[in-house]
Amino acid sequence: MIAESGHYALVLALGLALIQSTVPLLGARWRDAALMNVARSTALAQLLFVAASFVALVTLHVTSDFSVVNVYENSHSLKPLIYKITGVWGNHEGSMLLWVSILALFGGLVAAFGNNLPLSLRAHVLAVQAWIASAFYLFILITSNPFLRIANPPIEGRDLNPVLQDIGLAVHPPMLYLGYVGFSISFSFAVAALLEGRIDAAWARWVRPWTLMAWIFLTLGIAMGSYWAYYELGWGGWWFWDPVENASLMPWLAGTALLHSALVMEKRNALKVWTILLSILTFSLSLLGTFLVRSGVLTSVHAFATDPTRGVFILLILCVFIGGSLTLYAWRASALKQGGLFAPISREGALVLNNLFLTTACATVFIGTLYPLALEVLTGEKISVGAPFFNLTFAPLFVPLLIAVPFGPLLAWKRGDLLGAAQRLMAAGIAAFAAIAVAWAWTYGGATLAPIAIGLAVFVIAGALCDLAERVGLFRIPLSISLRRARGLPRATWGTMFAHAGLGVALIGIVCETTWNSEYIGAMKPDDVASVAGYQLRLDGMTPRQGPNYREMVAQFTVSLDGRRISVMTPSKRNFTTRGASTTEAALLTRGASQLYISLGDTAADGAIAVRIYHKPLVLLIWWGPVLMAFGGLLSLSDRRLRVGAPKPAQAARALQAAE
Amino acid sequence: MTLWFVFALMTVAAIFAVLWPLSRGRPAGTDGSEAVVYRDQLAEIDRDMAAGIISAAEAGAAKVEISRRLLAASDQEQHEVPVQSNLKLRRMAATLGLVGLPVVAAGFYLALGSPQLGDFPLAARSRAADANQPLTNLVAQVEAHLEKNPTDGRGWSVLAPVLSRLGRYDDAVRAYRNAITYAGDNADRRADLGEALIGTAGGVVTAEAKAEFERAIAQDADDAKANYFLGLAAEQDGRKADAAAIWQKMLATGPGDAPWRPLVQAALVRVGGVSAPALPDGAVAAAKDMSEADRNTMIRGMVDRLATRLKQNGDDVEGWLRLVRAYLVMGERDKAMSAVADARQAVASNAERLRQLNDGLKNLGLDG
């Protein structure tokens, strides 16, 4: 009964979504408040039914009801409870159900907390939201139904893909989906604005929190996914430019651009049409990401779903939504009022520059990801575009962007003073050169570019601090007043500081890890000692162990530094009996922000085991950076104040020039 | 019956969500408008100025801008068509909810759902044994028992030979491994494990299997099975002299009535080692028989059968890997490479299998 009720709840959600996607539009057309309000109650009811459906699937997985195909194929009665629950979205059908649940959640949030929205805007937004939802309900019910049954249920399930039996699965997909799907709200707002033919600063004020929330989740989701790949896949790498990773990076880049342009729009009523386009593009890229991962056009670690009908169906959804919204944009954008004007050198100008670089970077990733696919479809030739392409194209785009980052917040709205900003960044520049000099001296004769990159990162961090110091008048006025001013600063300003500094922190981690990473790869027998980056690692021995649904061979290493014993590390290789697959559980030892990493390979006939040991200096900064960024986003989100950008009065500027 | 009752309740709730707003007149004036946002912005500027974040001149400029927008927004609001109520449309929407929703829901559900099936949570299902069950069911029960009590060494040692006989070599390997872990390590179990490993490799003595036999020999130098297969390993590696030496030593030191004597003697003849000393006629005949069913031919036959089976049904990744491994061990690298190509083609449509295949090939040392 649980299975069938869950199934029926999903069907009802589809019915409600169909009504929600039409009736409110009629209401908005004929200005009928009751019809427009249908959007609200149906969105809430839809959330209720999808949630019920999701809870039903979780219950089925927890009780190991193998009469449900999805449970049979992806669960096992011996799996620990947490993996029974996370296994719900560790497979194609369940993850799509999570996708629509989150979509319904966002719809429900707009319905419940959208009191400050004009009635017709809310009706339009929820109707567009329901179009997306209807398409995905149909997709789930027709091609990937998680509630299909087996009449003669088997006694045991086939278990979850062992790579996914990890705590990372509990966090990474929900975070990522909250990010992907969160951008559907700004998409719906953009399409609603196009339908209504009206857009203004108030629009941006309503869109910003949603975009910010989606961006925070996407940032954390990507960082979490990267860390998961780092410790679970056993290769010691944290970013592979894998198409699936790129699929999540593209919406992030577009979303970051959107965040900044929405800021300009809210504060200065400019860049309106561009913001609408970015909203559409960001969600389109999220849909594209879903398509790439879910259709199985890519063969990668994530492609645990392969079925041509699904691919075609998602492609259809993709074409309808992206093509439809872009057509609508081309048709209606010219009717929108253009916004305020600004000089090229101004805060607005800096944000336009930011947008240009981010969208170009996004386009680069887009080409690198899709070109091989297109080539394979057209000519049948298989090529792979890997790290070299992205390093050569992505990095040159990001360097000028990073140089520009500290300047942006220091420029005034409407007309800025680049020289003045440069003067105020003097301290950051000095810090950067000092960092370059120190890094250079430290690693004399080593990599040339690395110290410069570190200098750039320090410049970004120090620049963010400079901006803050400037605002509170540090060292110019008594400290007590500065502190009082700092308390009075809007939280959004603090958020900017943290997010920008996070960028620099992540860059330091990336540079250090890629440049000064040291490794030992070889076969070790018990009592062999390997030394890596000054650490001695002794293999004490290997012991077999039985886990709940796997057997593992655990190797024990004693780590010592200069003869002093520090810790014990126990990497293992797990063999999952039901699927006959094995996973590598790397052992990590954190020392400050650096890590030692051991991963086991195959056992040789003579009892030696292949071992890979890495020392990764400051590697953790790679993930602390995004966490800082997300924290900055959270601070900004918690700031309930309105955003007003006071323009620099023209007369004052002229007076200043005269004085010089 | 309860199921349909629950469905009916859910449907009613869904319809209610559509009808409720329709039944109400104009809702309380909660809706925001642009003018409100601009008015808030004006208030915000005053606060910012009071806090000293912006200067008076900047605040003045900002106020001028916002006031201009506020005027435009209120102007527009006055021109807008006021909200009205349209009875005909509301009736239409109500009908849609009352009729359309249940029809869509029923249509989809009846086509996709299985209302006749109840729940089958694992805890509620009986696992009672039945004497008339076929062997496979009994094996399944023992396996289920062992999944719950994985440390039952005796269970594993009982199960392992049965699995081997059923041809489920992969499972047999696991069972022997567990038996060794929990029931103790001894030469017999190691040798049996090695034999099962040979089974998984389609008759080829792999390095993994050889390692097991060597472990068996380390515990009991006279273990017949381990010695025989080590000889076979030497033969398959092309070291016929070593093979002959191993087997000759077995014949010299083993008991005279050992059941394995004819087999080893035949093998010895095959590798062209010194012929068995003073064999009775029957044994010679037996050896002749064995020669005809030469072990190499036998292996080749098994490999060919495997290849044919895979040609018909290419989904079996394990099978492909076994075939490639067999060709490699037999020294036929060309055939191995063509099998790799065939395998890639056969599983190309399934990403998960392709990945397994690639992983397996990597383990065999065949990259890309």
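Cβ coordinates come from backbone N, Cα and C, glycine included.
All annotation found in TrEMBL is predicted automatically rather than curated by experts.
What TrEMBL lists as transmembrane segment is A:6-26, A:38-62, A:96-113, A:125-144, A:207-229, A:273-292, A:312-331, A:352-374, A:394-413, A:425-443, A:489-511, A:621-638 (among others). Here TrEMBL flags A:89-295 as domain 'Cytochrome c assembly protein'. Summarising the annotation, TrEMBL assigns domain 'Cytochrome c-type biogenesis protein CcmF C-terminal' to A:315-640.
For the transmembrane segment (A:425-443), the partner stretch with the highest count of Cβ pairs under 8 angstroms, out of A:6-26, A:96-113, A:394-413, is A:394-413. With a cut-off of 8 Å between Cβ atoms, the residues of this chain six or more beyond the transmembrane segment (A:273-292) that come close are 99, 179-181, 183-184, 186-187, 189-191, 193-194, 199, 204, 207, 211, 243-244, 247-248, 250-251, 254-255, 257-258, 261-262, 264-265, 298, 311, 314-315, 317-318, 321-322, 325-326, 329, 333, 336, 338, 355, 359, 362, 366, 369. Pairs of Cβ atoms less than 8 Å apart link the transmembrane segment (A:96-113) most often to A:125-144, out of A:125-144, A:207-229, A:352-374, A:394-413, A:621-638. Predicted-model confidence for the domain 'Cytochrome c-type biogenesis protein CcmF C-terminal' (A:315-640) is 87, expressed as mean pLDDT.
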